[in-house]
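Participant: Got a structure for you, questions after.
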Amino acid sequence: MTAIAPVITIDGPSGAGKGTLCKAMAEALQWHLLDSGAIYRVLALAALHHHVDVASEDALVPLASHLDVRFVSTNGNLEVILEGEDVSGEIRTQEVANAASQVAAFPRVREALLRRQRAFRELPGLIADGRDMGTVVFPDAPVKIFLDASSEERAHRRMLQLQEKGFSVNFERLLAEIKERDDRDRNRAVAPLVPAADALVLDSTTLSIEQVIEKALQYARQKLALA
């Protein structure tokens, strides 16, 4: 009998710290890593590259079905490869982020990308970073964590990230964009952003990243009975 690889799902809104947590957990456990948000960003970027309308579900489905994407972990960094090109930086722009949120709202697009995401499930295990990993993609995952933080704290973190990269940022505009995106993600008809019924809800608003990692790893090891 073939062993089924265990999955730890980390869901939550943008800016809660999922990416940092997932990389740390994957490194600590030596597991594979899936950044599902990157897949939607890659599809959005591919649509922009190929001049496909991100508001057209019919146009996006064939692109999603044949999306050439893979993840390569190098020295603790996750490289996102689209059609043989490293697009790790390009998919993190605000334009692509906004387009990705639109793309993710289409049922047939999500279905086309579902199989691709599930194919990342391999031994010894998978850390799955996203918004509906525990509710839709891996509903049988033995460990589910929903990482949250206040919209103000997430806007503050995003502002610091952008400022470190040399961008001039308006906090109020950034906060408004995050709230608008939250509202869209939480209230969409397909796979809304909600914690799975059996997920641990972890609020990172007042926690350091080290505290978040410690709590998440402790919970996962208890659930999986790992040393």
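Keep in mind that glycine also has a Cβ here, set from the backbone N, Cα and C atoms.
Copying in the features that Swiss-Prot gives for the protein in this structure:
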type: BINDING; residues: Gly12, Pro13, Ser14, Gly15, Ala16, Gly17, Lys18, Gly19, Thr20; note: ATP binding site
Participant: For the ATP site given as Gly12, Pro13, Ser14, Gly15, Ala16, Gly17, Lys18, Gly19, Thr20, which other residues of the same chain have their Cβ within 8 Å of the site's Cβ centre?
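Facilitator: Everything else in range on the chain: Leu21, Leu147, Ala149, Arg154, Ser204.
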Participant: According to DSSP, which kind of secondary structure is Ser14 (ATP binding site) found in, if we only use helix, strand and coil?
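Facilitator: Note: Ser14 (ATP binding site) is coil by DSSP, not helix or strand.
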Participant: Suppose we draw a 10 Å sphere around the Cβ of Lys18 (ATP binding site). How many other Cβ atoms does it contain, all chains included?
Facilitator: 27
Participant: For Gly12 (ATP binding site), list the number of other Cβ atoms lying within 10 Å of its Cβ atom.
Facilitator: 26
Participant: When you measure from the Cβ of Ala16 (ATP binding site), how many other Cβ atoms are you left with inside 10 Å?
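Facilitator: Within a 10 Å radius of the Cβ of Ala16 (ATP binding site) lie 24 other Cβ atoms.
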Participant: Which of Ser14, Thr20 (the binding-site residues) has the most other Cβ atoms within 10 Å?
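Facilitator: Per the Cβ count within 10 Å, the most buried is Ser14.
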